[in-house]
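This report refers to the structure that appears directly beneath it.
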Amino acid sequence: MEENPYSAPQVALVDDHCPSKLPGWSVAQLELLGWLSLVSVLGTLVLLVLAFVGGLTAQAGLERYSNWLGLVMVLLGDYLLLRLNAFAQARFDARGLGAPVWTVVALSLLMEAFDLAFGNRSFTHFSWETLVYFGLVFALGASSTWYGIRLLKVQNVYPVFRLMAWLEIVGGLMMATLVLMLLGMLPLLGATLAMMVVFFKGAAEVREQIA
């Protein structure tokens, strides 16, 4: 049969890699997760400043405030990690993220509990507490690297998603060295900022779908 030269071109109007819908996700929800990612970064920066000031002044009240803020930031970070995992599964059909995600969550909670229980005693002198603490730091860094590698294997993602994966790998490796664990916070904070952009891009996609 001859083709009609006046007919509309038969081309896909939607990118094959972009789902027609994201069930269970709304613009408001994704934007909230984006803003919470920014809160996580700012809260962590405040925590680092408090830790530096507390090391100079040794005020008990400041240390107690830092402990509570640290707990809130860990819980928030773990929540965002779990939500990112769910979004990656829905948007990119990501597989294999569950094990590293839950490992990072478990280790971060264990490390925070250890820090609340022993505080600065882990650093006043070399002891079993010091060994346990550095062991947890190494394990958390290795798990973050594992998580970043799994993120790199996810296909058809935003460019910022791939940047987030590399920042997780670099930050995790630096943390696992122990010597560079403080500097390793910088790429990990960058990964959280990249996560914020991922959520906002997801919100923009959902907004376009319902427009």
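Start at 1 and count along the chain as shown; that gives each residue its number.
Cβ atoms here come from the backbone N, Cα and C positions, even for glycine.
Unlike curated entries, TrEMBL annotations are predicted automatically.
Residues or ranges marked as transmembrane segment in TrEMBL: 32-56, 68-87, 99-118, 130-149, 169-200.
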Stretch of maximal Cβ-Cβ contact with the transmembrane segment (68-87) [cut-off: under 8 Å; candidates 32-56, 130-149, 169-200]: 32-56
Candidate ranges 99-118, 130-149, 169-200 - greatest C-beta contact count to the transmembrane segment (32-56) (under 8 angstroms): 169-200
Residues from the same chain, set at least six apart from the ends of the transmembrane segment (99-118), whose C-beta lies under 8 A from its own: 67, 70-71, 74, 77-78, 81-82, 85, 129, 132-133, 136-137, 139-140, 143-144, 146-147, 150
